[in-house]
Amino acid sequence: MINYYFLPMSMGILMTLISNSWIIMWMGMELNLMSILPLMNKNKSNKSIECSMKYFLIQSFSSLLLIFLLSNTLIFKMSSLFPLEMTLFFKMGLMPFHFWYPDLFTKMSWNISSIMFTMQKLAPLWMLSIFLTNNMLLHSIIIMNLLVSSLGMWNEKNIQKLMAFSSISHSSWMMSSMMFSKFWWMMYWSIYTLSLLPVLYFFKQMNLLTMNQFLSINLTPWTKMMTFLNLLSLGGYPPLLGFIPKWYILLMLNNKLLLLTMTLLSSFSLYIYMKMWILSLLISKNISLKKMNLPTYLSMIILLSTFLWMMI
């Protein structure tokens, strides 16, 4: 079913990326929205119906607001793009409109979550890169997003919510890169996707939803190490691949306060990833989940992705 809706979803993203018309960009995002809603609702369960309805209402409202603001901007030549930026923040679940975003993932499958964390970000981020203005207000929003994501990750027991807060954090880094380059954020997005997908695939194969399951699962030391390296790359630990875009962004930032704050909050997020795995190594294995060996192809994905992080 995912393959059936993947083509219109990709077409919607492509329409937004290659078009010079605001209306066509907006239509591309709507096509993307209509493609993912059936995927959310494919299980026909109460949770999936609630999830898809909530997402549809939020995205519909933000889309109506966006087309209204775009029309006013084109007709009345509005000089301020701040309302457009706020609408896109709402669409992506960023501060100060993040309240709906993390809870949404507790009712999603890992397959849909992986699409939401990666492909669904592309179109609104592209529009945001066009509108975004470098000012103190943007710096404050970036810091607030990093702070909210770090606090949200702290002691979070649901893995999907944890990854949602992590997604908010990485979106802040992408916004930071937009201040000095309209295209570097796409490189960050690509590296983020490469780091994230093996981790999400691991969670999916192991059917992990809570931290207790993660801490008590029995894995070989080799598999633990490979997965741990992928988590460290996602957190931006040097010299792994996820560290490279963050380091480049910090080098390009001119605002010293923003640089210091982003460094400290990123270190805090990395500490949470490290704490997850250290606890999994130290905790006793008395609680036994169903025994499940990693498929060969999953082990190869984790291994190859880890080698890629180290070589680059």
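Positions of Cβ are set from backbone N, Cα and C atoms, glycine also.
Listed in TrEMBL for this protein:
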TRANSMEM  12-34  transmembrane segment
DOMAIN    19-79  domain 'NADH:quinone oxidoreductase/Mrp antiporter transmembrane'
TRANSMEM  55-75  transmembrane segment
DOMAIN    81-264  domain 'NADH:quinone oxidoreductase/Mrp antiporter transmembrane'
TRANSMEM  81-101  transmembrane segment
TRANSMEM  122-148  transmembrane segment
TRANSMEM  183-203  transmembrane segment
TRANSMEM  257-274  transmembrane segment
TRANSMEM  294-311  transmembrane segment
Q | Surrounding residues of the transmembrane segment (12-34) on its own chain - C-beta under 8 Å, 6+ positions past either end | A | 56, 59, 63, 66-67, 70, 73-74, 91, 119-120, 122-124, 126-127
(Q) Quick test of the contact rule: Cβ under 8 Å, at least six residues beyond the ends. What residues does that give for the transmembrane segment (55-75)? (A) 22-23, 26, 29-30, 33, 37, 40, 81, 83-84, 87-88, 90-91, 100, 104
Q) By DSSP, how many residues in the domain 'NADH:quinone oxidoreductase/Mrp antiporter transmembrane' (19-79) are helix, how many strand, and how many coil? A) 50 helix, 0 strand, 11 coil
